[in-house]
Amino acid sequence: MKNILLGITGGIAAYKSVELCRRLRDVGYQVRVVMTASATEFVTPLTFQAVSGFPVHRDIFDEAAEAAMGHIELARWADRILIAPTTADFIAKLAHGLADDLLSTICLASQASISIAPAMNQQMWQAEATQANLQQLIQRKVQIIGPGVGDQACGEQGPGRMLEPLAIIDELLQPVSQALAGQHWLITAGPTREAIDPVRFLSNNSSGKMGYAIAKAAQRMGAKVTLVSGPVSIDVPAGVSRVAVVTAEQMEQAVMQQVSDADVFVACAAVADYKPAAIAEQKIKKNAKTMEIKLIKNPDILQQVGALKNKPLCIGFAAETENVEYYAKDKLQRKNLDMICANNVAKKDIGFDSEENELVLYCKNGDSVALDQNAKYTIASDLVSEIKNRFF
Ligand SMILES: Cc1cc2nc3c(=O)[nH]c(=O)nc-3n(C[C@H](O)[C@H](O)[C@H](O)COP(=O)(O)O)c2cc1C
């Protein structure tokens with residue numbers, strides 16, 4: 001599922017769809033936006049053009065568009081259609097198969113699955129007509145995302161608020177399969193922090209995005225997922241349980257507590273190799289011209305898991321800046337892993353703290369697989385599928 005057509009209809013919540021559009025791109029979708037005439041009263045097409053990176057489609061009788069990508073082409077292009085916000089009016093149109101504007105015509109002409117995120121005044125939502133229309137859509141397997149309950153733009157309270165962009169994406173990505181049902185995946189993510197004194201620490205550039213994306217992808221395929229995470233500022237994916245840690249030692253303890261129950265261990269965290277031998281009790285003052293911090297080795301969590309008698313399937317990560325293949329293969333062997341995911345973090349645009357990544361997977365049996373540069377969630381989904389297909 002790579003191509004998503006984002007339909008915007010004429011509700012006040014259209015402003016939230018600007019962020020939604022950006023977030024859809026973050027999780028790996030190519031987005032084309034189609035707006036109804038009313039929607040353009042709320043947000044300009046130019047805004048969506050800038051955020052999606054493509055011209056916005058509005059008019060069914062647009063000769064220029066027809067030549068390049070008319071309503072049928074857009075209908076075929078889409079793997080998925082998401083309409084957010086969806087007005088009461090558009091729900092009625094969908095339910096009755098109307099095709100009097102570009103968006104409704106595309107919906108009728110497409111085989112893509114349709115998801116809608118309704119947004120409207122609570123009376124409009126609860127109106128008998130709207131509810132009857134919704135029932136028809138549910139019967140036709142249209143996915144209804146939300147709405148939420150609470151304060152409304154019109155000053156009323158009740159059901160009808162459009163869900164927030166991330167919540168919509170979480171619903172949209174609900175288990176695509178049950179391929180990993182019954183399995184427990186234990187995943188580490190993010191950096192660790194090793195204190196020097198009460199206000200300073202040693203750490204690294206890991207954002208945690210890759211580990212979180214893997215957790216999300218495994219959960220979407222039906223696995224029970226435990227994410228042991230160092231300090232990061234990312235929301236926990238829906239359905240994933242997180243154990244928050246700070247230091248390598250805490251991460252080691254959390255992993256060793258969970259590992260006997262795990263089928264798969266993915267070590268994606270950038271664990272600090274060393275920590276200060278002693279933590280100063282008070283903030284260190286800058287009196288001396290130079291200073292030295294003595295470092296001692298941290299526990300090697302992946303090595304410990306790889307050495308267990310009943311070890312789970314072990315997947316490691318090797319973030320390297322040179323000789324990537326050599327170091328990755330060495331780590332694969334030394335730590336008794338089943339697969340290692342190598343990435344060259346010296347490359348611009350991928351790796352630490354970026355939105356994209358590219359990996360080469362080296363397997364115990366000598367196979368290697370390249371996952372070309374893409375959004376981290378797409379890479380994560382491909383990685384989880386590869387693990388599933390090879391080992392289960
Ligand atoms: C300020 C304003 C806000 C509106 N907000 C909504 C809304 O949140 N939900 C809704 O169903 N209709 C809302 N409407 C009414 C729709 O814009 C109207 O039904 C329109 O015909 C919908 O056209 P469309 O479904 O083709 O986009 C609003 C109208 C105005 C003037």
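Each residue, glycine too, has its Cβ placed from N, Cα and C.
Because TrEMBL annotations are produced automatically, they should be read as predictions rather than curated entries.
When secondary structure is read from DSSP and collapsed to three states, Cys154 (active site, proton donor) falls in the coil class. Marked as active site, proton donor by TrEMBL: Cys154.
Residues or ranges marked as CTP binding site by TrEMBL: Asp273, Lys283, Pro299, Asp300, Ile301, Leu302, Phe317, Lys331, Lys335. Within 10 Å of the C-beta of Ile301 (CTP binding site) there are 25 other C-beta atoms, taking all protein chains into account.
Under the heading domain 'Flavoprotein', TrEMBL lists 2-175.
Per TrEMBL, domain 'DNA/pantothenate metabolism flavoprotein C-terminal' is recorded for 180-389.
The annotation region 'Phosphopantothenoylcysteine decarboxylase' is assigned in TrEMBL to 1-184.
According to TrEMBL, the feature region 'Phosphopantothenate--cysteine ligase' maps to 185-392.
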Cα distance (Å, whole number) from Cys154 (active site, proton donor) to Pro299 (CTP binding site): 57
Length of the line joining the Cα atoms of Cys154 (active site, proton donor) and Phe317 (CTP binding site), in Å: 50
Maximum Cα-Cα separation (Å), residues Asp273, Lys283, Pro299, Asp300, Ile301, Leu302, Phe317, Lys331, Lys335 listed as binding CTP: 38
Chain-internal residues near Lys335 (CTP binding site), provided their CB is under 8 angstroms and they sit 6+ positions away: Asp300, Leu302, Gln303, Gly306, Cys314, Gly316
Position of peak Cβ density within 10 Å, selected from the recorded positions Cys154, Asp273, Pro299, Phe317: Phe317
